[in-house]
């Protein structure tokens, strides 16, 4: 939610601060964090299995926990930024945290005592990591997660702060350009991460690869400090999250109140200067937070101001209702996040022939996701400009796909990606067995790594439909004042998916590894059955698709607020827009 103008934003002051000049540095803050995070995530499973001698399942669990933290913490970071620290201080502190994390990870590759000794030539007698070594590793990932907590939710909003004092027409033009450059920059960061940095990690060595990441973060942290005098720094104000919490608290406080059958004689608290609104009939219990008729006392703080912890506005109540109403649709999309992050393609690619185009160049195993990123970027960039007009000409309709339909296509494509992944892994395993490599986890197959490309292309399309569809859907049905809530929902959904993925992996290996049998997610891909795992995800995705269809039919995008015209007896039904 955009913060209001403060007294510090006078004309004389804004001539020296803010504007377009500091925005490239702000965007570079997030681009740097994304580059480092994506490059580490892309190749981390190789680092854990080769340097720390962890199993594939254990490595995946560590990665899922790291991803969950990196997605959950931005929600907390948004709250702390809005309510306590402000965006500049939050971004600055978390940049330092991310820099600390990357340097610790760099030290694990530099100092031999921070990782177990190398295995013998026969790959036997590998030493497990000590508690101290695991602690240092987890500390590095923890600091990087804290870095994501402030940089990701705050940078775009902080960039908007720099032009908040402009007139509306000028600001609108600048915001359109800002959003375009932001998404292009984030896509560029992903591509750089899984190509250049992963290549250095794979071909030159972990020391150089992680050292470059540490140097990038240190450089941008210092640049951000140097640019500090040129920033417009808004003071923190009440967060939307605090506002939602207040509605819950006040509703519980007033739980003994009896709501009238009709609202004709009831009075409700509205923000000063706004038209009188009556809360909608859905989730009536929450209406107790804003009813005035039974609140003659205890609604002010003693200074004449309304205490929001004693009574809330109708707008606050309706914001919470809007947030709760999209939860079923949000929950139906969690499975797509789980599928998109649950591929073991990096480990599969490490066993395959990775020569592409020429015998001298080998695609790093960690760069296999480049097919997903390029597909996502190209489709996202072309959809509105080229694909939609083409579909309009074919169908003759102005709206060719609704937002719900785009999200449903994303769910369906996620299922398709797992079916393709299962088929490819079945064939890869068959080639390994025929080649006598069933018990050789490090043998290279006579099978091109490009066999993995189709599943990543489909995952990229699924992400383009589901993620962007979600963003536009939430922006369409939620009040405008809840704009920051949209990205938080995406981050939170991805975090929940990571936790569920961890539980699924543990359950699969516990169940399938009984009686001395090799579990599906065995450390040796050729002995395991990763194809069964992918097929199971496809089945779970199909169940989720049914749940999504039910939620789509049940969800009602219309709101039912009434506006009470103060200058007459007529009461007009209007749409609540926040």
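Glycine is no exception: its Cβ is also placed from the backbone N, Cα and C atoms.
Owing to the predicted nature of the structure, the values given are computational and were not obtained by experimental measurement.
Here is what TrEMBL says about this protein:
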{"type": "TRANSMEM", "residues": "52-76", "note": "transmembrane segment"}
{"type": "TRANSMEM", "residues": "88-112", "note": "transmembrane segment"}
{"type": "TRANSMEM", "residues": "132-159", "note": "transmembrane segment"}
{"type": "TRANSMEM", "residues": "180-200", "note": "transmembrane segment"}
{"type": "TRANSMEM", "residues": "212-232", "note": "transmembrane segment"}
{"type": "TRANSMEM", "residues": "330-351", "note": "transmembrane segment"}
{"type": "TRANSMEM", "residues": "363-386", "note": "transmembrane segment"}
{"type": "TRANSMEM", "residues": "407-424", "note": "transmembrane segment"}
{"type": "TRANSMEM", "residues": "456-478", "note": "transmembrane segment"}
{"type": "TRANSMEM", "residues": "485-512", "note": "transmembrane segment"}
{"type": "TRANSMEM", "residues": "532-555", "note": "transmembrane segment"}
The transmembrane segment (532-555) touching the transmembrane segment (330-351) per 3+ Cβ pairs under 8 Å rule: yes
Other parts of the chain folded back onto the transmembrane segment (88-112), taken as Cβ under 8 Å at six or more residues beyond its ends: 26, 29, 33, 36, 40, 51, 77, 80-81, 133, 136-137, 139-151, 154-155, 158, 205-207, 209-211, 213-214, 216-218, 220-221, 224-225, 228, 231, 233
Intrachain residues whose Cβ lies under 8 Å of the transmembrane segment (456-478), provided they are six or more past its termini: 322-323, 325-326, 329-330, 333, 336, 339-340, 343, 345, 368-369, 371-376, 379-380, 383, 403-404, 406-407, 409-411, 413-414, 416-417, 420, 485-487, 489-490, 557, 578
Cβ contacts the transmembrane segment (485-512)/the transmembrane segment (52-76), at least three under 8 Å, sequence gap 6 or more: yes
Surrounding residues of the transmembrane segment (363-386) on its own chain - C-beta under 8 Å, 6+ positions past either end: 39, 42-43, 46, 183, 187, 190-191, 194-195, 198-199, 201-203, 345-347, 349-350, 354-356, 449, 452-453, 456-457, 459-461, 463-464, 468
Cβ contacts under 8 Å made by the transmembrane segment (180-200) with residues that lie 6+ beyond its boundaries: 27, 30-32, 34-39, 42-43, 156, 159, 208-209, 212-213, 364, 366-367, 369-370, 373-374, 376-377, 380
The transmembrane segment (132-159) and the transmembrane segment (407-424) contact flag, 3+ Cβ pairs under 8 angstroms: no
Cβ-Cβ under 8 Å with the transmembrane segment (407-424): same-chain residues at least 6 beyond its ends: 329, 332-333, 335-336, 339-340, 343, 345, 401, 451-452, 454-456, 458-459, 461-467, 469-470, 473, 531-532, 534-535, 537-538, 541-542, 544-545, 548-549, 552
Distant-in-sequence neighbours of the transmembrane segment (52-76), which means Cβ under 8 A and at least six residues beyond its ends: 37, 41, 44-45, 115-116, 119, 126-129, 133-134, 137-138, 141-142, 144-146, 148-150, 152-153, 341, 344, 347, 487-488, 491-496, 498-499, 501-502, 505-506, 509, 519, 521-523, 525, 528
